[in-house]
């Protein structure tokens, strides 16, 4: 069990743009240790080294063409970083990032509670599951606060993520014990320090008043953004249906076939024809 760190407080970052990799690294370290600019610098350094290796190696020009291009392979234009960037950032603190299916991670598959942190990745989203002061928390930046996980649920949750296509990585090493919370660097605009009680209160409040289905879906689905995408698709479908109902040709046909006024006019015409025949 870890000793009490940061006065028992939890450090959490809420999603900002596409900076989930930054949020993930900082919640692993439990403090605002890195900014997006720091990770971008690491990505640039990795790109440079990769290009140098390609130029110095015996790889054919066709095979090395992508790496020799100006486009980065470690950070996208949208701000998503590669696992290599996260590894480099954590190596600064002598921490190792290990794939969960690696032979050295076998014990973690049997009893994940023996570990201290996991990094989870799918598509362009990263988040951290971290043991802080002996308790497990989900520090997904899509959540308003860290979500407490029991030891039993931790194993089931990790298995569920793996089965849904998520890549799971272990983080091992000597984690920073303290961050100077009172310093000017204690907040980066999207980070916050919370007591476990405050975090629980915020999660309960979100479940009760905001969007509990989003939090639950994020835990169960393979993609944290899937629920949002489904909602957008549903709204688009509803808009398309509404627009089709308002098309002039369909509207006119509905009026012509169902208008009470037209039915009355047809009845009057029939009555007039009958009266004309009688007069004759």
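For all residues, glycine too, the Cβ spot is worked out from N, Cα and C.
Some features that TrEMBL has for this protein:
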type	residues	note
ACT_SITE	20	active site
ACT_SITE	125	active site
ACT_SITE	140	active site
COMPBIAS	247-261	compositional bias 'Polar residues'
COMPBIAS	262-280	compositional bias 'Basic and acidic residues'
DOMAIN	7-186	domain 'Josephin'
REGION	243-280	region 'Disordered'
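When the alpha carbons of residue 125 (active site) and residue 20 (active site) are compared, the span between them is 6 angstrom. Its own atom aside, the Cβ of residue 125 (active site) has 21 Cβ atoms within 10 angstroms in the protein chains shown. Residue 20 (active site) sits 8 Å from residue 140 (active site), taking the CA atoms of both as reference points. Model confidence over the domain 'Josephin' (7-186) stands at 87, taken as the mean pLDDT rounded to a whole number.
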